[in-house]
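**Q** Pasting the relevant annotations from Swiss-Prot:
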BINDING   Asp81, Asp123, Lys124, Glu499  Mg(2+) binding site
BINDING   Cys122, Cys195  [2Fe-2S] cluster binding site
MOD_RES   Lys124  N6-carboxylysine
ACT_SITE  Ser525  active site, proton acceptor
Amino acid sequence: MPKLRSATSTEGRNMAGARALWRATGVKDNDFGKPIIAISNSFTQFVPGHVHLKDMGSLVASAIEEAGGIAKEFNTIAVDDGIAMGHGGMLYSLPSRELIADSVEYMVNAHCADALVCISNCDKITPGMLMAALRLNIPVVFVSGGPMEAGKTKLSDKLIKLDLVDAMVAGADSNVSDEDSAKIERSACPTCGSCSGMFTANSMNCLTEALGLSLPGNGSMLATHADRRELFLEAGRRVMALAKRYYHQDDESALPRNIANFKAFENAMTLDIAMGGSSNTVLHLLAAAQEADVDFTMADIDRMSRLVPHLCKVAPSTPKYHMEDVHRAGGVMGILGELDRAGLLHTDVFHVAADNDGTPGSGTLKSVLAQYDVMQTQDEKVKHFFMAGPAGIPTTKAFSQDCRWPSLDNDRQEGCIRSREFAFSQEGGLAVLSGNVAENGCIVKTAGVDESNLTFVGSARVYESQDDAVAGILGGEVVAGDVVVIRYEGPKGGPGMQEMLYPTSYLKSRGLGKACALITDGRFSGGTSGLSIGHVSPEAAAGGTIALIENGDRIEIDIPKRSIKLAVSDVELNARREKMHSLGPMAWKPIGRQRYVSLALKAYAMLATSADKGAVRDRSKLED
């Protein structure tokens, strides 16, 4: 039987000092011997997705203590990608993922915690905590802060739904009046919570459900809704149940690496493709898989992208649906149910929402779907749960409203979630492209690409930084037919792999959204749509071909054939490569770029791998 990890600091006379310190935190005599459950919170007043999390740790703790555990909360950092966007702050976003993972590991291992609840929400926080949870491999439950309500405003007497990207595009569009731009800005982000579309934060919170590490509704229940309170309480109860199964019953199915195994990663990626999730999820799933010692690679993603249909279309891919609409249609469990009926899901994987009593099928995703898939459940409480809707009242308070939709969206022919027969498209919302531009692959969010742009041929317009590209787009350098190339923005070359939401938004605002393509070794916000191809690997700073592209080069993109090609002969490419090598210390570095890079970012860059490896640390440089 596994011994409680916390016994290291709570048992034996030689631990009298540690026990004295535990007592100073509020631990009583009769508490020693109980499991110590770490609560990793990420409250901050900087981020709307986290501004309401201050009291959530206490809520989880109350359920843990009622179930017989000791709850101890700590906090991690949280960067708001939207506020950090478009300036030097974005260099810190992806590296913060590694800091979050490390900080969770440090706190949990330093204090010998027995299990973990992760209270996350936004872009790098959920992935960072996921990496830590799989690294630690102790019982864990994820519970996020939830999505914000979609914005709503009237323009020309017409009520429209909005999100963050609408505010950015309107602000850069000279055809939008100052009055309308201000109205959109004030309405786009009305409540606390992660931005309201299928952007990175919501995509990742949905994927934790598919991985089996969070409860049904985690990815879709609004931050403002009173029903979300129960998710926090249940997270506390479930982590205690998992801890008892592992430490008292020697049940290793309660451990995250036995839940989030290869099949579970396939489920998560299948969901991601089906719902047209953010391309950043590829980066984070690859990173998490490495922490779990799961051999899940770009080749698996490429294979799956050809098989999985696009079943759920949400902003920014359409203005019609937001996360509140996904929830009304059954949330993640509704999408997984359709994937199961299409024969595309592994339902024999374990899930934290299900008890494993040893009988066949118990503790698995199959049993969770039987209860929570709105198309098959007979549980009226579950149906009531998925009818939770928005109130339309601006607020930063969690659980501040209890509005309901009049009915569920069970329309699998024309609704928010479709069956395979009526899919938005028979190929999914993400694709892996490869060719001489990206020998190790690159990612495009096909859910946001207009059908007319699935094949594209254009002339390269090369920029050595995002800043230069923005200036070029707004200054009129970029014209219809161009392929904007932004390089040296990868994990190592940026460093930090900036998001390119501003360049893509400005292309739209100038009427070039369907007339140009953009490729980069950086990445894109979950709010990006259009022919935007990121994660080019190897990156420019690692010797990738993207560093050899010159202005005017012909670039051919063919999404159906999964191809991206620089139409330059091998002889010419080899000559360019030799010329680059001849530059010595200046080889594979941006020409003329003026950018301050702090010591912290330089340390990150020294160990960073390219995007096809998840932009994680290069372990070969750390292992003996």
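Note: Cβ is positioned from N, Cα and C throughout, glycine not excepted.
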**Q** Between the binding-site residues Asp81, Asp123, Glu499, where is the Cβ count within 10 Å the lowest?
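**A** The binding-site residues Asp81, Asp123, Glu499 were compared, and Asp81 has the fewest Cβ atoms within 10 Å.
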**Q** Based on Cβ atoms within 10 Å, give me the single least packed residue among the binding-site residues Cys122, Cys195.
**A** Cys122
**Q** Can you grab the distance from Cys122 ([2Fe-2S] cluster binding site) over to Asp81 (Mg(2+) binding site)? Cα atoms, rounded to a whole Å.
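**A** Cα to Cα, Cys122 ([2Fe-2S] cluster binding site) and Asp81 (Mg(2+) binding site) are separated by 8 Å.
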**Q** What's the CA to CA span in angstrom from Lys124 (Mg(2+) binding site) over to the residue listed as 'active site, proton acceptor'?
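**A** So the alpha carbons of Lys124 (Mg(2+) binding site) and the residue listed as 'active site, proton acceptor' sit roughly 12 Å from each other.
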**Q** Between the Cα atoms of Asp81 (Mg(2+) binding site) and the residue listed as 'active site, proton acceptor', find the distance and write it as a whole number of Å.
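**A** Rounded to a whole number, the Cα-Cα distance is 8 Å.
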**Q** Looking at Cβ-Cβ distances, which residues of the chain lie under 8 angstroms from the residue listed as 'active site, proton acceptor' while being 6 or more apart from it?
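**A** Listed in sequence order: Asp81, Gly82, Met85, Val165, Phe199, Thr200, Ser278, Asn280, Glu499, Met500, Leu501.
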**Q** Enter the number of other CB atoms within 10 angstroms of the CB of Lys124 (Mg(2+) binding site).
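**A** Lys124 (Mg(2+) binding site) is surrounded by 29 other Cβ atoms within 10 Å.
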**Q** Relative to the mean position of the Cβ atoms of Asp81, Asp123, Lys124, Glu499, the recorded Mg(2+) site, which additional same-chain residues have Cβ within 8 Å?
**A** Val79, Ala84, Met90, Ser93, Leu94, Cys122, Thr200, Ala201, Asn280, Ser525
